[in-house]
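Beneath this line is the structure, given in structure tokens, with notes to follow.
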Amino acid sequence: ENVSLLFKLYCLTVMTLVTATYTVALRYTRTVETELYFSTTAVCITEVIKLFLSVGILAKETGSLARLITSLKENVFGSPTELLKLSVPSLVYALQNNMAFVALSNLDAAVYQVTYQLKIPCTALCTVLMLNRSLSKLQWFSVFMLCGGVTLVQCKSAQATKVQVEQNPWLGFGAIAIAVLCSGFAGVYFEKVLKSSDTSLWVRNIQMYLSGIVVTLFGVYMRDGAQVLEKGFFYGYTCYVWFVIFLASVGGLYTSIVVKYTDNIMKGFSAAAAIVLSTVASVILFGLQITVTFSLGALLVCISIYLYGLPRQDTTKIQSAETKNSKERLATV
């Protein structure tokens, strides 16, 4: 399906702005609000809202309630194999989040921030290996430049965190390695599923969000089960918390659109730009000071986005099996 460059830029811009706003709003709810809510329940509610939004958009796409019900019966409830296929990224993301928590508990915050940025080149590597794409030397250079830029941008906030508990660096590095691999694999796997068939994006979202709800409910039970039963599922929720959840839901939908019509690498660049924007916003709202390190990191992020966006061969589509076979035959000559 041909999509205009203007539409792609629009989706990337909206995703960047929504992500940046979400980051600032989330920081507000976790630092300014006096009564903290359960983050696990917020993640679960986010999945539920994304599911309902996807159903609503699919209803508009199908044009009638009868067609919507038919589509859901055929593609969702009548296709357990497809549901199972879309449960893979949900499970992998859950593993990633848990490994990231283990890594942060066993590594200095600055080391964690630096090593976790390896998810950017890992995503590029998974894109090349799983989707049969190729990146130019300049694109690889821009990917690693982005990795360094994001590290510098987050360096100050990372150094400000002091961990007082006993740490196991080997466990921390092992966990961060698993988290990085999970991040790259899950994103590219979802992209492969989206682009390997003509199934509607919103049907795919519904399939993934259904499994996501199950996974996040399990997370609520394992991490905050006793407290949720004692204080209630919506304990600590305010209008600001609901605003954060709404932003996360809209951001999740735009993320799937960006993955569908661009790729996971561009999603990474958009997320990096959002980090820069949210940090600048934090200067105004929370009094955060701009440092030379941040300025250099922001400059590297901007340059890397420009370099990666230079005219090149389209890499947002999966190569056909025929093209792949022809390359293999050429390699054997």
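Cβ atoms are placed via backbone N, Cα and C, with glycine included.
Annotated features in TrEMBL:
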TRANSMEM  7-25  transmembrane segment
TRANSMEM  37-59  transmembrane segment
TRANSMEM  140-159  transmembrane segment
TRANSMEM  171-190  transmembrane segment
TRANSMEM  202-222  transmembrane segment
TRANSMEM  234-257  transmembrane segment
TRANSMEM  269-288  transmembrane segment
TRANSMEM  294-310  transmembrane segment
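Contact between the transmembrane segment (294-310) and the transmembrane segment (234-257) is absent: fewer than three CB pairs lie under 8 Å, with pairs separated by 6 or more positions in sequence. With Cβ pairs under 8 Å as the measure, the transmembrane segment (234-257) is packed most heavily against 7-25, out of 7-25, 171-190, 269-288. For the transmembrane segment (269-288), the neighbouring stretch richest in Cβ pairs under 8 Å, chosen from 37-59, 140-159, 171-190, is 140-159. Beyond the transmembrane segment (7-25), the same-chain residues lying 6 or more positions past its ends with a Cβ under 8 Å from any Cβ of the stretch are 240, 243-244, 247-248, 250-251, 254-255, 257-258, 261-262, 266-267, 270-271, 273-275, 277-278, 281-282, 285.
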